[in-house]
Every structure is written in structure tokens, then in C-alpha cells.
Amino acid sequence: MIVAHNLGFPRIGGQRELKWALESYWKEQLGQQELIQVTRELRALHWKQQQEAGLDLVPVGDFSWYDQVLDMSALLGVVPPRFGEIQDEVDLDTYFCMARGRAPGKKEVAACEMTKWFNTNYHYIVPEFQPQQAFRLASSTLFNQVAEAQALDFPIKPVLLGPLSFLWLGKSKGSTFDKLSLLDALLPVYGQVLHRLKTQGVEWVQIDEPILVLDLPPDWKAAFERAYSSLVNGGPKRLLATYFGALGDNTRLACQLPVEGLHIDLVSAPEQLAKVLDEFPSYKILSAGLVDGRNIWRNDLEASLAQLEALRERLDDRLWIAPSCSLLHSPMDLALESALDEELKSWLAFAVQKIEEVATLKRALVEGRDVVAQALADSAAAQASRRQSERIYRPEIRARMTEVNEDMTRRRHKYPVRAQVQREELKLPLYPTTTIGSFPQTPDIRKARRDFKAGRIAEPEYRRQMEAEIARAIQAQESYGLDVLVHGEAERNDMVEYFGEQLEGFAFTQNGWVQSYGSRCVKPPIIYGDVVRRQPMTVAWLRYAQSLTSRRVKGMLTGPVTLLQWSFVRDDQPRADTCLQLALVLRDEVRDLEQADIKLIQVDEPAFREGLPLRRVEWESYLAWAVRCFRVASSGVEDGTQIHTHMCYSEFNDIIHAIAALDADVITIETSRSDGELLAAFAAFEYPNEIGPGVYDIHSPVVPTEAQIVGLIKKAAEYIPAERLWVNPDCGLKTRAWPEVETALRTMVAAAHGLRSA
């Protein structure tokens, strides 16, 4: 039977109900039972939405309190010893403590590391494996959710992260050892999970093995056959799910594994289909991921249907239809958007619409095109409208792109010359202290922004309130003793949305939220057309901030690669072309800041690494245009203007040459959660410019001690000469509260002062 299904659904709710419930619980304003009830109601609603849209199977286990990888750590009993001994099951507060470093009723402890989920803007909590790691069933959450869905009579397909991907995504702690050596101990527990699902009456289980789209070492490839052969008996039928890219040289391996079904991503890698079909066995089900799970563009139903009709000829009823990946990366429901203009809205589809597209494709295939004729006609009209719209292409932007030359990608002189000029002009001390940019977004700030957008206060009053917040941030930083100040970004709701709102070619949603990590949600803008800057975007705020202090204030911009990566990007031209348009816009803004006497300008690129293709063979091309775009944005200034950049959550030891090629005068990086591991890159590669390794983890409310910060700086000094070291947090302080910010920054400044006088 041809089946319409889904790999995963957004968790947060149409009105971010999960976010508000979690944060109330963490503040002890909501009890645990009330939190559990909120999440139970959300799950039931989401299952109902998917079933009513026409799906034959709805996912269970895709919902998470915080993160699906952390869920697997809890399920399998992978709890680091510092969180205490787990007697029976991992309780909810231990779970939150692993993610955040604190939870109601728990003492503060270092949180587990957090990093990017493949090449997305979602973050997962990294499993920590000990050399003699024991595994056992330590959570009933998945089984309870299965029972919930069954009690409501939903047709279900539980979702698990596969054993090889779970090990691959974790880190060895303690002594260095091969994570793969843990597989034999892990597999019996997976077997228990599958057996228990079988006893619950589950017919199909989805096992996600996204690492099959990566370059895998031979021993990991060999482990797949061993692992899945051991899981053949005693469980439900297994659908092996891959996404975010092509199987490539893992195609034969994936096709021949002893499982009953295979899901492939035909949006990010449509070219892989022919090779998969060549290797595909006659007994196996193929799930075709034809609806884009990561972007917001409406599906071309005619094109997808033509592909499915050809597949049905080959596979008959062994064909399933699905989004390309989990809809975790998509906003919830386009119906919640009332402010988008109708033309643009007709080009879009969010999670609810995407499952409707999946169901429509299945109905067309099974019942005939006539049954869904209106849906097909609407889809065709939307495709034609988008191709023909005059709002997408701007001739003057196309002309400027052709004028970009190599001189526009180079500073006037190399770093050693620039550094001497900057030392003379900026007169900064050894171990200069600064922050990454944002300060706490208080309820008053958020209210002022809401009131201004809603028209409840006029622009002069809004500006007065924002200037008061800027003054507060400047005064606070002066009192802490920081050397280079920032204006605090009170006027910015989001580091991408703020800029996009001032650029033509961008559109914005009211409720297009997607989960970044835990309760943290982002609302990516939509880049639908050529990008144009109407006027300076940050100059007035920075000029005001600089007028309040004799110390230097850093300008703060979001870089072209990050603007690209953290937006929903048009798919009608190469991403490199869109990035160049963004770089040209930022080049103009950087020069305007310099003209306004802002002599330190930070161009943030926290998403630089996440743009990397998953296959290494494709890295060179990406890095070439990403570096070029950054340099176009940042190279139009005088030697005395110091260009900073910032990267967070980045493991970029293997792209350190590209990082150096950015030629930023100063780079600040995240190192605190990973115990400074990132600095090992500098043992083999002497980074030529200045660097600020983050000395405390802003994502955890735990404040470090002065001794801890001194230790991190001393460790950094083993790789970087002291005269090229900066002292800073590892990320912006937007999500923190002022009391903890004050304590942490005073401690950080004290550590720097102590080292100067040592």
C-alpha cells in the first residue's frame, strides 16, 4: 500500500506553547504536572493535525522536552557521573540539568556540550561517553507517548535516533578511545527498545541514521551491517531514514541493510534516485522525501507527481511519500500569518501545509488527479506567479554583482601593518576585555518594541526608550571596567530579523518560529528576491552610544553567510549569488559606520561552519564563496578600523585555513563548553591575527570563578601570544538576566586585570 507519512513535526506549538511552559517551569512558576499536561495536549493536537491532513502514519517520539538526542541519552542511560547516580529512570530535572546546568531542585553543574545538528540551525545536546560506558533502559518517555497516541487511536510510527548516528554524534570523555567500541554494549539496549515497542503493538518504527549521508570511515560502514543484523528479530518493521544529503558512496550499504524500508531525501539530493533504484532490493519499501522539510517554498505538485508516477511504475505499492526530513526545521502553520501579502503567501508552505502536500500527492497517485485537481491547479498557479513576478529581480543589483573585483576583497595592507596602526589609534591594554554584542533583553525592552510595532507608541518615544537602554548598557560596562564597549542591541529583536526588516527582498512572518534549542526559538526571515539596502541600518544607534563614552564602542553587524544561513533562502538562484548581494549591502553599512567614527566593527559569522556541505569534496567550493563574501563585506575600510568577527558553537579545526583567510583583525570564538578543545587547532596552525576565546558559557546560568577564567586564558596563551589575546564571553548576553551578567563580567574583568599585573 502506498503510504503518506511524516518524519517529524514541530514541537513548539503554533503559539510557542512549549517555550512558555518550559520557561515557566524553570522559573518554578509552573509545576511539573502542569508542564506535563501542557505537553500532553500539544502532542495530541499535533497528531490530530497530521491525521486530519491525510497522513496514514504519524510520528511519535519526535516530540521532546528539549532535544531528541538528549532524549536518546536519557532512554539509553547515558548520564555523565557529575549529574549524580541514576537509580531507576532519568527524571525530568536531571534531564534539564544535563541541558542547562541547572533545574528546579538541582544543584548547579556544568551542562553538557551543545552543537549544531548537521548543517542546520538546530542544536543538540552532545552525548558524553565514558571508556567503560554502560547502557540500560532508563526512560519510559517514548513508551508513554506511544501509549498516549494509541489511546487516542492515532496510526503511529515511533521515531528513534539510530545506534550508529547516536555514537557518531557523541563525544568521548575521560581518556581518548574509539566511540565505535561501545556499539556491542549499546545494541542489546536498542534491541530491548524495539522489543518493547513490538509488545505495545507497534508495526513500524522509524530509525534515523542521518550519518549515512556523510563521509564515513570503513570501520563505521562495516558496523552498520553488524548493527542492523543484530536488530532483525523481535521488533517492529524498520524504516531507515536518511536526510540532508545524498547517500553517495553509502548507497549500496544503505540499500542492502536488513531493514524493511529506506527513506531518502530527494530535495537536497534529487540526483541520488537513479543510483538508489539500481541498488534497491525487490522486497524493500522506498520512502521518497519530495516535500522540502527545511525550506518554506510551496511544492511543485506537478513535478513531484510526475516523479512519483515514474516511481510507482518501478516500485508498485512499495512506495511511501514524505517530507525530505523532519518538519522540526519548518514553521508550524501558514494559516497563522495574516500580514503577508497574498502573492508572496501563495508561494509558501509551512509544516501543516507540507503534510497536506504529502497527502495530496498520495491521493493523486492512488485516487487519480481529478480528485485533487484544484490543489494541482493552485500549485501550478503559484509556481507561475513566482517565476514571473517583477518584485524578485532588480537590474541595478545584478549590474553591481558583475562589478565585484579582487580589489574589493582585500584590505589595503596585511594584518601586521594594520595591527600597528590600530595599536597606535585604539591604545588598548594587554588582554583587552569586551563582550560579543547583546545585553539582556528585558521585559521593558520587549514591550517597547511590541508597542512600537503595533503603533501604540510613536517613533520618537520608541527611540527615547531605546536610547535609555543603550545608556544603561554603556554605564554598566564602564562600571564593570570593560575596555571595548558595545551598545547592547536593545533595538534588535533578532540578529538576522533586525537587518532583514530594513532590506528589500526580505519578508517577515508573525508566527514563523522554529526551534533553535530547548525553549529558544528563532523566526527566520524569508529572502524571496534581490536584496537592497534602503538606508543605513545601525549608524544612528552606534553614533549615539559612542557619544556617551570616551571608550571605544564596537559596531555590530550580522555577516553575509549568517544572514543567508539563518534565513529561508530563495531557491531560484545559487546560494552564493544571494550571499554576494548580502555582502554588498553590508559593505555599504561598514563604510557608513567608519564614516561615523566607529573604529571597531564586528561582522558576526556564527553560522560560517554550518554552511559547510556535509561531504568534504564539496567544501572547497563553499569556502571559496563564503570567504569571498565576508571579505567583500569587510574590506572597504582604512587600516585603522579594526574588523572583528564572531563564531559560536563552531568546531572549525579542519577549516582553520579558511578562518584565517577571512582576514578579520580579531576573531572571537566559543570555547568554554568544549573545555577549550578548539584551541588545539592553533598547535598546528599559528593563527596570524588576534583571537578572543570565549571564557565562559553564556548558555548556562552558572557563573564561572575568576580562577576558571584565568585557567582558560592561560591555556589559550599556550597557543596565541598574549599581545594577540582578547578576553570575552563566548556569545551574546541577550538571553541572560542583568544580575548574572554583572557578576560574570566583573569576574571576567578581574581575571584579565590579574593577568596583566602578574
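Keep in mind that glycine also has a Cβ here, set from the backbone N, Cα and C atoms.
The 5-methyltetrahydropteroyltri-L-glutamate binding site annotation in Swiss-Prot covers Arg16, Glu17, Leu18, Lys19, Lys116, Arg520, Cys521, Trp566, Glu610. The C-beta environment of Arg16 (5-methyltetrahydropteroyltri-L-glutamate binding site), restricted to residues of the same chain at least 6 apart in sequence and closer than 8 Å, consists of Trp513, Cys521.
Taking the Cβ of Gly437 (L-methionine binding site) as centre and 10 Å as the limit, one finds 26 other Cβ atoms among all the protein chains shown. Annotation comment: Swiss-Prot describes Ile436, Gly437, Ser438, Glu489, Asp604 as L-methionine binding site, evidence class sequence analysis.
There are 25 other CB atoms within 10 A of the CB of Glu489 (L-methionine binding site), with all protein chains counted. The feature L-homocysteine binding site is assigned by Swiss-Prot to Ile436, Gly437, Ser438, Glu489, Asp604, with sequence analysis given as support.
If you look up Swiss-Prot, you'll see His646, Cys648, Glu670, Cys731 marked as Zn(2+) binding site. In the three-state DSSP assignment, the secondary structure recorded for Glu670 (Zn(2+) binding site) is coil.
Look at Swiss-Prot and you will find His699 tagged as active site, proton donor, backed by sequence analysis.
The L-methionine site, placed at the center of the C-beta atoms of Ile436, Gly437, Ser438, Glu489, Asp604, has further neighbours from the same chain whose C-beta lies within 8 angstroms: Thr435, Val486, Met495, Met556, Gln602, His646, Gly732, Lys734.
For His646 (Zn(2+) binding site), the spatially nearest entry among the binding-site residues Lys116, Gly437, Ser438, Glu489, Asp604 is Asp604, judged by CA separation. The Cβ of Asp604 (L-methionine binding site) lies under 8 Å from the Cβ of Ile436, Gly437, Met495, Met556, Leu557, Thr558, Gly559, Thr562, Thr645, His646, each of which sits 6+ residues away along the same chain. Close to Cys731 (Zn(2+) binding site), meaning Cα to Cα within 10 A, are none of the binding-site residues out of Leu18, Lys116, Glu489, Glu610.
Candidate binding-site residues: Leu18, Ile436, Cys521, Cys731. Fewest other C-beta atoms within 10 angstroms, Cys521.
Nearest Cα neighbour of Glu489 (L-methionine binding site) among the listed binding-site residues (Leu18, Lys116, Glu610, Cys648, Glu670): Cys648. Comparing Cα positions, Leu18 (5-methyltetrahydropteroyltri-L-glutamate binding site) lies closest to His699 out of the recorded positions Cys648, Glu670, His699.
Cα of Glu670 (Zn(2+) binding site) to Cα of His699 (active site, proton donor): a span of 11 Å. For the recorded site, Ile436 (L-methionine binding site), the DSSP three-state label reads coil.
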